[in-house]
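In what follows, a structure is listed as structure tokens, so that the remarks can point back to it.
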Amino acid sequence: MSNSQSIKIKKPRSNENFASGSYSSRRSQQIHRLSHSPMAEGFHKPKLNISPSESNLPNNVAENTTDTPVNYGSIRDENHNSRKGKDVTLNSDEAHSENVPSTSEDPDVVRRHLGGQAADDDNFSSLQLQGGDMHRQVYRWQQEVDQNKQIRRGRSRSFSAKVSDPNLHLRSVQDMKQAGGMRRDFLRNRASSISMSSNAHGNPNFLNRNFIEFLSVYGHFAGEELSEEDEDEDTDDFAMPRDVNPSLIHSTVPSEQEPLISRHGRYKLQTPGNASNGKAVLLLLKSFVGTGVLFLPKAFKLGGLVFSSATLLIVGVLSHICFLLLIQTRMKVPGSFGDIGGTLYGPHMRFAILASIVVSQIGFSSAYISFVASTLQACVKVISTTHREYHLAVFIFIQFLVFVPLSLVRKISKLSATALIADVFILLGILYLYFWDVITLATKGIADVAMFNKTDFSLFIGVAIFTYEGICLILPIQEQMAKPKNLPKLLTGVMAAISLLFISIGLLSYAAFGSKVKTVVILNMPESTFTVIIQFLYAIAILLSTPLQLFPAIAIIEQGIFTRSGKRNRKIKWRKNYLRVLIVILAILISWAGSSRLDLFVSMVGSVCCIPLIYMYPPMLHYKACANNWILRTLDIFMFTIGAFAMAFTTYMTFF
């Protein structure tokens, strides 16, 4: 059999039935489909010429061949409209090229039409099929596309350019002639008009509806694309490939198999941010206010009343400056936190930033686990009849049983209920803490306090930095804003407000309880039923917040290790599940090791994990991207020096 094969089609007899199921009829249908399957750029297109008079197809199908190309899920090529048919010549040597397509063909659609075992089976060979040598080039093309996609999936997909709405493209008469074309056009036009009218009113959406927007901030942690759409169970086979060229979206022609309202596909169009200034302020407040507030009273004891108040204010100012440096760098160099570092300094800087994010998030999660274990231990001791104090390891193990199933959640929006409950409980705990601080000071006065503690003051610096850590959520909030240029002034107001909140809670609680203040200040509350309820609810709030802290670390590690999706390969998916469980076990072990000295552990996390992200990386990025005068360069060098010195000093004092 020659590689270049010509197939001639006889003219049909008048009494021949098209649906007879004969070999020639089926062969004609296959040639008809192949001749109208859009070939990708970079391929030598086979000569496919079909004439209505010479084909073995009925008249209505032949007429449709020259006017309306049949779409099998691929994005239409403009050359389809100009295809005219005469003879059919298929050169199998021209069906393969060294260049892998990246524009028009949808590999998922091609995969559905391939026979044999699953495409993800590494032991599968198309030569084992009947006539495998004839269609081997098709399987080889599919294999090269998959390999090219695996290489591209090695890096996080954090491209932030905006793509225009594909529903706004003009539709031709031939598109309208397709079955369901007029209805499809009507639905698109109506959806477009509704969206335009809603945008014209300018009314903001409901305040952080179901906390989906806040969760999407974690889905784009530090600007990285961490979502796992390719592994969602609601992703169907009509999903657009992740590596499709966005410019070709406008030429998409729906086929008969395409649903009118497609499901949430794997390719997400970047839509402009629509968050108002007020919503951005609330997102910022949620990003900064958390568990660190409850560690501040004990930290004030470590540093002293005056020293701690002044240091907390200075740390807030320095953190604010570094946040602004990162925002300015992002405006100059678009991309995620890691992408900016990779663009300016190369892949090693990108790796360092992502590694710091992973270490910091695992450290936060471990601190949260220790906090929850300590709080639950105190609650159980109060409510039990024997007042028995169980070991912390028991409550840490209970959290392990909770975190394992939650860590297997790949769609972060499914954690919206836990985020809502956690924020409500945290707010109740802070209000209750203020209430008892004021009551205690009014009835008992100021307790025994120290203005400066020269022995343990260095530990306070790490706790203060831990409290202000939220830099990785700045960039995704900026993406969601309708007016990103307003973020610097909004951030200034938010930093002033949370600095006042942190200083007031630390100062009032330390003044109220003095040297008897505990590591978790809510444990200083008087033993009562309502107090136990508040303590328990706050512990549950932090327990439900821990999966959100682990999600970015898990996603970044997965994207660095696995280059293949687990949607169609159960083996890959279970390997990812094992990795997630191992990360949870690592966080559990770290929390168990640091649970005996929780204040020391929190200070260590702030010193080792948070300082590089806040005080070292942003000045370095700003220095290379935006420092165009000696003042800015001096500021960047000063901030980097402060961060490096603080990291070395606090780490040394913590361990030695």
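Cβ atoms here come from the backbone N, Cα and C positions, even for glycine.
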Legend entry - Candidate set Ser172, Ser195, Ser336, annotation phosphoserine, source Swiss-Prot, matching residue: Ser172
Inset, instruction - Select, from Ser53, Ser247, Ser276, the one residue given the annotation phosphoserine by Swiss-Prot. - result: Ser53
Legend entry - Which candidate, of Ser37, Ser51, Swiss-Prot gives the annotation phosphoserine: Ser37
Legend entry - Recorded stretch, among 280-300, 389-409, 537-557, 601-621, maximising Cβ pairs under 8 Å relative to the transmembrane segment (457-477): 601-621
Inset, instruction - Might you confirm whether the transmembrane segment (419-439) is in contact with the transmembrane segment (351-371), defined here as three or more C-beta pairs under 8 A between residues 6 or more apart in sequence? - result: no
Legend entry - Any contact, the transmembrane segment (537-557) to the transmembrane segment (601-621), with at least 3 Cβ pairs under 8 A: no
Inset, instruction - Counting only CB pairs under 8 A, let me know which of 280-300, 389-409, 494-514, 578-598, 601-621 has the most with the transmembrane segment (636-656). - result: 601-621
Inset, instruction - With Cβ distances under 8 Å as the criterion, find the stretch in 307-327, 389-409, 494-514, 578-598, 601-621 that has the most pairs with the transmembrane segment (280-300). - result: 494-514
Inset, instruction - Considering only the recorded stretches 419-439, 494-514, 578-598, 601-621, state which has the highest number of Cβ pairs under 8 Å to the transmembrane segment (307-327). - result: 494-514
